[in-house]
Every structure is written in C-alpha cells, then in structure tokens.
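According to Swiss-Prot, the GTP binding site annotation covers ARG19, ARG65, THR98, LYS172, ARG274, ILE275, ARG276. Residues or ranges marked as [4Fe-4S] cluster 1 binding site in Swiss-Prot: CYS26, CYS30, CYS33. The S-adenosyl-L-methionine binding site annotation in Swiss-Prot covers TYR32, GLY69, SER123, MET206. Among the features that Swiss-Prot reports, [4Fe-4S] cluster 2 binding site is placed at CYS269, CYS272, CYS286. The domain 'Radical SAM core' feature in Swiss-Prot is assigned to 10-236.
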Amino acid sequence: MTDATSNLDSHGRPLGVLRLSLTARCNLACPYCCPDSRDPEGMLDLQDQLRLIRVACSLGVHTVRLTGGEPLLSDRLEPLLAAIALDRPAGLKELALTTNGVLLSPERALRLKCAGLDRITISLDGADAASVARMAGLQGGTPAGQSLLDQVLVGLEAARSAGFNSSHGALKLNAVIQKGRNDDQLIPLARLARDRGLELRLIEYMDVGSRNGWSLAQVMPAMEMVQCVSSHWPLDPVGRSSNSTTSRWRYRDGAGYIGVISSISAPFCGDCNRIRVTADGQVFTCLFASQGVDLRPYLRTDESETQLRECLSELWTRRSDRFSEERSLQIDKEKSHAEMAYLGG
C-alpha cells in the first residue's frame with residue numbers, strides 16, 4: 001500500500017479532501033452554475049464509489065464531501081452513507097454534504113444524521129423572494145422565490161433539529177456573491193445567518209465552466225465584502241487555516257463568525273489539497289481544469305485496487321495545478337474549463 005505521507009504533489013501539497021459528485025442534475029438553474037438537465041452516461045455505482053473512497057483514504061484523504069448538481073436528487077446518497085457506516089475507513093474524519101436544501105425535509109435530515117453524515121453546508125444566494133428567484137434561475141418570479149426561500153429555511157431548521165450543530169461547524173450557509181446581481185444581499189444574508197447562529201461563507205463569483213458568461217467586472221472581491229459587513233457589525237480577523245478555502249472573521253459583538261472564499265482576488269492554490277471526482281468517474285485535480293482522467297477502467301477491472309491506487313497516486317504526485325494564481329498572471333486566459341455542476345463545485 002502506498003504511504004499516505006508520501007503523496008505530495010509537485011508543489012509539496014498533500015492529498016486531503018475528496019469531493020465526490022453524485023449527480024450533475026439540479027432542481028435549480030443558478031446562472032453562475034448552469035447545471036445539466038440529465039446525468040452523464042456511465043455513472044459510478046455504489047461499489048465504484050466505495051472502492052474510490054477506500055483507496056482515496058489510503059492515500060491521505062481525511063474528508064469526503066458529497067456534492068452535485070444537487071446530491072439530494074440522487075438515489076445513491078442514502079445507500080452510500082449506509083455502506084460507509086458499515087466499514088468506515090480509519091482515516092476518514094469527516095463526511096460532509098453540500099446542498100441547496102430544497103429537499104432537506106426533517107425526516108431526511110434525521111436519516112442523513114443517523115447514517116453518519118457529519119456536516120451539511122446549505123447554499124442560499126439571497127434573503128428575499130425576488131433575489132432568490134433571480135439567483136436560482138426560477139421562472140415564477142417573486143412567488144416562486146418566496147416558496148424556495150421558505151423551503152431552504154425549513155431545510156436549515158431540519159438540519160439543526162437533526163443534530164447538525166452550527167456552533168460546532170456542522171451546519172453552515174454558503175452564498176455566491178455576483179456584483180450587480182446580488183451584492184445588495186450581503187447584509188440581508190449576514191443578518192439571516194446571524195439571527196440563526198450560522199456561519200455564512202461568502203464566495204467570490206468564479207470562472208468555472210464556459211456557460212455562465214463570467215466577467216471579472218462581476219466579481220466582488222472578498223475584502224470588499226468583509227468591509228461591507230464590518231460597516232454594520234465590526235469584525236476581527238481570525239485567518240485562514242492551512243488547506244482551508246475560507247478566511248474567517250469574528251463578529252466583535254460575539255454573534256459568531258463569517259467567512260470569505262477568495263479564489264479570484266486572493267488565490268489559495270499554495271496549499272490546496274482537493275481532488276474532485278464526477279458522477280461518471282472523471283477525476284480532476286483542479287476546479288478550473290479543462291479535462292479529467294477516467295477512473296472507471298481502474299474501478300471496474302481491478303478487484304485488488306492496486307491499479308486504482310497507483311493511478312490516483314501518480315495523478316496526484318504529478319499535479320502542478322495553480323490556475324487561480326496563473327489567472328492573476330494572465331496565463332492561459334483562453335483555456336476552457338469543465339462546468340461547475342459537473343465537477344461538483
């Protein structure tokens with residue numbers, strides 16, 4: 001077996017996080033994500049997923065985050081959690097989920113908690129009906145936005161009631177902020193999160209994929225977001241932990257924390273420890289990559305898992321990605337990227 005400590009990429013970064021997409025489909029149509037309406041062919045089955053997680057953990061992965069599309073649309077979610085719980089890899093410290101929360105009923109939240117899920121992050125890009133409708137790509141206008149907002153808030157409370165403790169970081173709120181579209185929602189979202197004891201993470205609008213018409217002019221820099229929030233509720237810096245995507249700030253009045261993810265204005269490529277595997281088994285070593293490597297031949301023909309382990313290990317040790325840093329140097333400006341919903345964020 002490969003020694004997990006020997007798996008450093010060409011920049012000395014260890015492998016630590018596997019983001020595993022369960023589906024490319026989504027029940028929303030957020031314009032910055034542009035999800036697909038159907039899944040790709042050749043989806044990984046349960047045994048493929050389990051083998052992948054087991055081998056990834058043997059190479060140093062300590063956190064598995066289940067993503068989409070919208071993972072709650074996948075009929076693979078609960079069976080996967082149940083199977084992991086039966087034989088959880090020794091190195092797997094955290095099993096997390098990112099969702100829009102629409103399908104997170106009280107019953108389902110409890111099932112997920114009982115099945116061994118450790119953390120849930122819910123995405124919400126507005127705090128009023130019109131903004132929610134606009135950012136989710138809804139056709140029904142304000143009434144549809146209000147219905148969606150109500151569902152997400154129910155999902156948040158369902159997760160809390162199921163035992164996902166926000167004060168311990170087990171329940172967080174994500175928001176993508178796009179200048180000119182929902183930057184007016186910064187303070188309302190911060191207020192919503194503060195009132196509910198949630199840590200809000202504000203994400204810069206990213207140039208992932210080619211469908212969303214990304215422009216640098218639409219990016220609100222993280223520090224500008226921080227200054228905006230701090231003008232209402234003073235903040236003190238906490239910093240960014242090694243390998244984390246989030247720089248955190250503490251509310252001076254004791255109302256918790258807020259975070260920013262600044263992949264455009266202040267890239268954190270230097271200690272990125274993530275790989276992403278799509279629902280059809282393509283592995284990507286960078287969110288901004290244009291092409292992945294198909295793992296299915298290794299997953300389905302090698303019961304010993306040796307070839308899969310060697311493939312992942314070689315892929316990681318040869319890894320040299322630092323796209324966000326290169327973006328600032330105007331390198332590879334015309335390079336195409338895989339789509340956000342396909343990669344799983």
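Please read every residue number as a count from 1 along the shown chain.
Just so it is clear, glycine is given a Cβ too, placed from its N, Cα and C backbone atoms.
Look at the Cβ of each of the binding-site residues CYS269, CYS272 and count the other Cβ atoms within 10 Å; the largest number goes with CYS272. Mean pLDDT for the domain 'Radical SAM core' (10-236) in the predicted structure: 95.
THR98 (GTP binding site) sits 18 Å from CYS286 ([4Fe-4S] cluster 2 binding site), taking the CA atoms of both as reference points. Listed in sequence order, the binding-site residues from ARG65, GLY69, ARG274, ILE275, ARG276 having a Cα within 10 Å of the Cα of CYS286 ([4Fe-4S] cluster 2 binding site) are ARG274, ILE275, ARG276. Of all the binding-site residues listed here (ARG19, TYR32, MET206), TYR32 has the Cα closest to the Cα of CYS26 ([4Fe-4S] cluster 1 binding site). Among the binding-site residues listed here, namely ARG19, MET206, CYS272, ARG274, ILE275, MET206 has its C-alpha nearest to that of CYS33 ([4Fe-4S] cluster 1 binding site). The Cβ neighbour count for CYS286 ([4Fe-4S] cluster 2 binding site), using a 10 Å radius and every protein chain shown, is 21.
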